[in-house]
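Enquirer: Here it is, the structure in full.
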Amino acid sequence: MIVVKIGGRVVKNALQNVIESVLRYPGKLILVHGGGDIVSEYTKRMGMEPTFVTSPEGIRSRYTSKEELDIYVMTMGLINKNIVTQLISKGKTAIGITGVDGGSVIGTRKKRIMILDERGKKRIIDGGYTGKIVSVNSQLISSLTSLVDVIVISPIALDTEESTPLNVDGDQMAFNVARAVKAEALLLLSDVDGVLLNNAVVKKLSKEEAKELATKIGPGMNRKVLMAAESVESGVSKVIIGSGLVPDAINSALAGRGTEIS
């Protein structure tokens, strides 16, 4: 069993490429998808401007109000069902879920978040409807893998205390699911070829080397590298950070294209 995360730019620009790669992959697979660029498009269609905030660490992320949460859930559902439709139409058995379905991924709403305002000053604001993942129902997800070839998961968690879906980070969803099912491999496929150091792709890192390297690379990628090291420590055999834009992206990554952390 492997877990594959495809980033929003891959979803927008190279989805067919990834679907063809899923069709070629012979084993069971969990596919976690992003879709931020498409969410922004639909937000604008609904007459609103998407809102982004920047953390003190320099990480830019979507701010999700109640109105934007509705658009986020609708858009992610559309992406999810489009992927499932294509997989089934081309011969794979597949099911599409969010973390809300069956309470498969439980989260908690971020009550407050710290941001940098337009003057570069730290400020605490209401957290909106973004969340942090608390638990994954590994038994439920594993039971689904016995029924289908591919599970497609949207990055939406369930906050049972506030009875609301939550926008959760797609990488976090993939890491947590991979840890829960003890995946043989976790693939993070985006629009970069791997972890870059001095303009060259780093081919292989131990978890210790990954933690050390994370201090030398930019925000965003450093978070992926740290989460990759944590995943390996918690039972995932290896994490591969690579490109979803290359031909047969999944098998290419498994064959050594990208950065492997193990």
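Quick reminder: no glycine exception, Cβ is built from N, Cα and C everywhere.
Taken from Swiss-Prot, the feature site 'Transition state stabilizer' covers Lys5, Lys224, and the record attributes it to sequence analysis. Annotation comment: Swiss-Prot describes Gly35, Gly36, Arg62, Asn167 as substrate binding site, evidence class sequence analysis.
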Enquirer: If we count other C-beta atoms within 10 Å, could you say which of the recorded positions Lys5, Arg62, Lys224 has the fewest?
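Expert: Counting other Cβ atoms within 10 Å of each of the recorded positions Lys5, Arg62, Lys224 gives the minimum at Arg62.
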Enquirer: Under a three-state reading of DSSP, tell me whether Gly36 (substrate binding site) is helix, strand or coil.
Expert: helix
Enquirer: Centre the Cβ atoms of Gly35, Gly36, Arg62, Asn167, go out 8 Å, and tell me which other residues of that chain have a Cβ in range of the substrate site.
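Expert: Same chain, not in Gly35, Gly36, Arg62, Asn167, Cβ within 8 Å: Gly8, Gly34, Val39, Ser40, Thr64, Tyr72, Met76, Pro155, Gly170.
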Enquirer: Tell me the Cβ neighbour count for Gly35 (substrate binding site), meaning other Cβ atoms within 10 Å of its Cβ, over all protein chains shown.
Expert: 26
Enquirer: Can you tell me how far the Cα of Arg62 (substrate binding site) sits from the Cα of Lys5 (site 'Transition state stabilizer'), in Å?
Expert: 18
Enquirer: What kind of secondary structure is Asn167 (substrate binding site) part of, going by DSSP in three states?
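Expert: Going by the DSSP assignment, Asn167 (substrate binding site) falls within a strand, counted as strand.
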Enquirer: Sort Lys224 (site 'Transition state stabilizer') into helix, strand or coil using the DSSP assignment.
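Expert: In the DSSP reduction, Lys224 (site 'Transition state stabilizer') maps to helix.
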Enquirer: Relative to the Cα of Lys224 (site 'Transition state stabilizer'), which of the recorded positions Lys5, Gly35, Gly36, Asn167 has the closest Cα?
Expert: Lys5
